[in-house]
Amino acid sequence: MGFYGTLKLIFYKMKRKLDHGPDGRTFPSGKKHCKGNGPLGPSSLVQATPTTFGDLRLANGHSAQRRRVTSGPPPTGLQDWLHTFQMWSGPERLLALDELIDRCETSQVKHMMQVIEPQFQRDFISLLPKELALYVLTFLPPRDLMQAAQTCRYWRILAEDNLLWREKCREEGISECESSRRRRCGTAVGPWKSAYIRQHRIETNWRQGDSGEPMVLKGHDDHVITCLQFSGDLIVSGSDDNTLKVWSAISGKCLRTLTGHTGGVWCSQMSVATVISGSTDRTLRVWDAESGECVHTLYGHTSTVRCMHLHGNWVVSGSRDTTLRVWDVSTGRCEHVLTGHVAAVRCVQFDGRRVVSGGYDFMVKVWDPDTEVCLHTLQGHTNRVYSLQFDGVFVVSGSLDTSIRVWDAETGNCVHTLTGHQSLTSGMELRDNVLVSGNADSTVRVWDVRTGRCLHTLQGPNKHQSAVTCLQFCRGLVLSSSDDGTVKLWDLRTGAWLRDVVALQSRGSGGVVWRIRASDTRLVCAAGSRNGTEETKLLVLDFDVDDKKTETD
């Protein structure tokens with residue numbers, strides 16, 4: 001069905017709804033009807049109904065005397081022929097017309113079409129009251145609305161309505177409009193339409209690759225970037241060179257270097273401008289990223305701080321000393337010590353109520369941090385636990401034993417064992433019961449944690465060629481980085497590979513993407529190599545680039 005056919009169908013549905021209400025019944029007496037002989041009353045519609053083609057022309061505002069064919073004098077007997085036609089009944093006229101058309105040449109049929117077709121093309125949108133016209137347009141998808149705006153000046157006024165575009169933004173989950181009006185093609189674009197266009201442009205740039213050349217940020221020499229955080233316009237990278245660096249995501253400049261650790265930085269967390277880092281020097285440090293000041297140094301662990309998770313004003317750290325510690329970020333005090341693991345703690349999650357930890361002792365533990373009591377010890381893995389996810393309901397653990405286990409956080413029972421990976425699950429993300437796991441077997445898998453079913457295995461001809469190092473959800477997409485020197489983009493819903501967002505020149509010969517972090521509009525990648533084939537650097541891609549195309553592209 002074409003564009004105009006869609007409008008006609010929508011108009012029919014709208015008219016039926018206006019006449020009979022949404023459930024098919026007539027409106028109750030409280031509703032106002034178009035009555036009597038008013039401009040929209042039924043009698044006026046009946047009176048205006050054309051009975052002949054000439055009446056239709058007059059109803060559409062055309063002259064009764066249209067331009068006639070001037071190929072010569074009229075044939076003899078034309079008037080008698082027409083009189084005979086008028087004397088026939090309706091069905092007889094239809095039969096006669098069928099016979100006549102069968103006897104016409106192509107040029108004659110074309111002439112009839114040129115005369116008849118324009119008379120049935122009516123701009124019903126302009127004939128409707130503005131409120132009803134806007135109601136009709138609410139049924140159109142945004143792309144068709146933009147096409148409608150090109151029809152004529154009045155349609156453009158309707159199709160630019162700000163409240164209409166606010167509804168389109170609501171349907172797409174866009175909650176914030178553009179604060180200032182943008183000018184495109186010499187016309188003012190309303191804030192809600194501007195917001196929709198911007199989000200559509202960003203989505204297109206993510207999926208199709210229009211982000212321009214990435215900014216390249218260098219500063220850790222040839223050291224490994226071990227951790228990466230991204231908040232607002234600030235990027236913070238930690239390295240085994242004992243430092244963290246704060247970068248501007250806008251200019252790409254290194255704003256400051258955070259020095260103080262006497263060992264390599266292995267983990268970090270960030271909230272707004274507060275950064276917490278953990279090091280092989282057995283301490284945590286709390287930094288103000290805006291000023292570069294070290295606000296607190298947190299002492300207590302007796303070995304490398306290997307992992308941490310920040311929630312609100314509390315951070316939980318896990319160490320090779322087998323303990324976890326709960327810290328108050330604002331005061332720098334250690335409030336609780338959780339003991340029970342018998343080997344290094346490798347991963348930790350904290351939702352503000354429960355702490356979940358995984359260790360090299362093959363165990364996953366669920367803690368009440370306030371009482372320092374281990375509520376559950378989740379046993380089942382047969383090798384080290386390297387990754388965790390916790391959403392308050394499910395605990396998901398990934399292990400070197402190749403399996404992923406889904407646990408009930410309240411009972412401690414193993415709900416599902418997810419099998420299919422062939423090696424270490426190094427990273428996972430869990431959102432709305434959908435789990436994405438990255439593995440050293442070079443694949444990424446998408447799971448439903450409620451059923452334990454593998455929805456997609458992200459592989460195929462364009463799959464990673466080496467271990468997956470990091471992954472992240474973003475805008476209904478999955479980003480995955482790898483030792484093969486690429487960052488790949490996948491469609492979460494279909495599992496389809498979309499494109500390689502980053503592909504290092506040294507990929508396949510030593511180039512590695514160690515870490516990735518993404519917002520709705522930017523991607524930050526930490527890259528380098530272990531053999532000197534690629535410089536250590538950060539790559540920043542901005543997908544909120546202004547295009548120079550019109551709003552209708």
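Glycine is no exception: its Cβ is also placed from the backbone N, Cα and C atoms.
Predicted automatically and left uncurated, TrEMBL annotations should be read as such.
For 122-168, the entry in TrEMBL reads domain 'F-box'.
Cβ atoms under 8 Å from those of the repeat 'WD' (225-257) belong to residues 215-217, 219, 263-273, 275, 277, 279, 287, 289, 291-292, 514-519, 522, 524, 526, 528, 536, 538, 540, 542 of the same chain, restricted to positions at least 6 beyond its ends. Annotated repeat 'WD' per TrEMBL: 225-257 (among others), in sequence order.
Across the repeat 'WD' (258-297), mean pLDDT in this model comes to 97. Annotation comment: TrEMBL describes 258-297 (among others) as repeat 'WD'.
Annotation comment: TrEMBL describes 298-337 (among others) as repeat 'WD'. Here the repeat 'WD' (298-337) has Cβ contacts under 8 Å with residues 263, 266-271, 274, 276, 278-280, 282-286, 343-352, 355, 357, 359, 361, 367, 369-370, 372 of the same chain, all six or more residues outside its ends.
Taken from TrEMBL, the feature repeat 'WD' covers 338-377 (among others).
As annotated by TrEMBL, repeat 'WD' applies to 378-417 (among others).
Sequence annotations record features per position, and here TrEMBL assigns repeat 'WD' to 418-457 (among others).
Under the heading repeat 'WD', TrEMBL lists 461-500 (among others). Within its own chain, the repeat 'WD' (461-500) is flanked in space by residues 202-203, 206-209, 423-424, 426-429, 431, 434, 436-444, 446, 455, 506-508, 510-520, 523, 525, 527, 534, which lie at least six positions past its ends and keep a Cβ under 8 Å from the stretch.
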Looking only at residues six or more beyond either end of the repeat 'WD' (258-297), which have a C-beta under 8 A from one in the stretch?
226-232, 234, 236, 238-246, 303-310, 315, 317, 319, 321, 327, 329, 331-332
Let's see if you can do this one: DSSP helix, strand and coil counts over the repeat 'WD' (378-417), in that order.
0 helix, 22 strand, 18 coil
DSSP helix/strand/coil residue counts for the domain 'F-box' (122-168):
33 helix, 0 strand, 14 coil
